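Enquirer: Sharing a structure here in structure tokens format.
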Amino acid sequence: MTRISTCRFKNSWKMLQSLTSNSCVRLIESHKSTWYFLFLVLGYILYLIFGAVVFSSVELPYEDLLRQELRTIKKQFLQDNECLSEERLEEFLEKALEASNYGVSILNNASANWNWDFTSSLFFASTVLSTTGYGHTAPLSDGGKAFCIVYSVIGIPFTLLFLTAVVQRIMVFSTRRPVMYVSTRWGLSKPLVAVVHATLLAILAASCFFLIPAAIFSSLEENWNFLESIYFCFISLSTIGLGDYVPGESFNQRFRQLYKVGITVQRLPCQQRSRRQTKTVAKPKTVQQSCSRKEREEGATTLT
């Protein structure tokens, strides 16, 4: 009797487990998009937390060291100048830092560089249109702020339109025609030629947008090494624009006017990168729709 009860209990337990698992599977399958969205949100939050932990553990010791160094310098300065009160010094530093946030420095070696001459204004316009915004220079007047709004509303879509038209014409000569020419001339398979061509384009892009500009920046900027120059190129081309590194702002910069114009031209691909990614994502849908339309037309012809 005990064995029969035990067997019945085991069978009932197995049936219950089977029903529970089946119901869970049906629940997951019926709400697959919802579960996918929840996992996506959870993954994004975890990635944010991971970045915060790494940045905090790496940068916090340097920040603490810099704070201690500034306190020591300030204390020594007040001891050497007893006639100056700490309140007056705080007031002066507050004004100087506020002006520095607008790109205006009180240092003697920075008075030769103007933030709003033509080349600097051209560089600022490029940061606005490319949505980078380093933050080292900002409009001071109300008129400048109002014009910046209107200029951005019109200029950002215009920049997208302009760069899209330019890249569409370049892509024909840099992607399709070389692959077709090599494949036809030497009888090679198109997939192989496409892979080699993509690799060469990747190397060329990395050289033009990262390696060569980084070498130029590290040679013209006195306080930049090659890694910092690569870092600036990536921050600029990804339109992050932290503003911790801005070229052409050092004292007695060589070829400053021409340098600013060259940086403005070098920054033009910033907008097109995100625009091309959006078009790449949307392209398979268009191909699928055209294929479906073609199939429907062939089906209608067959029925006729």
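Placement of Cβ uses the backbone N, Cα and C atoms for every residue, glycine included.
The transmembrane segment annotation in TrEMBL covers 35-58, 149-171, 192-217, 229-246. According to TrEMBL, the domain 'Potassium channel' annotation covers 109-170, 208-250. TrEMBL lists 275-304 with the feature region 'Disordered'. The compositional bias 'Basic and acidic residues' annotation in TrEMBL covers 292-304.
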Enquirer: So, by DSSP, how many helix, strand and coil residues make up the domain 'Potassium channel' (109-170)?
Expert: 43 helix, 0 strand, 19 coil
Enquirer: Give me the mean pLDDT over the domain 'Potassium channel' (109-170), rounded to a whole number.
Expert: 83
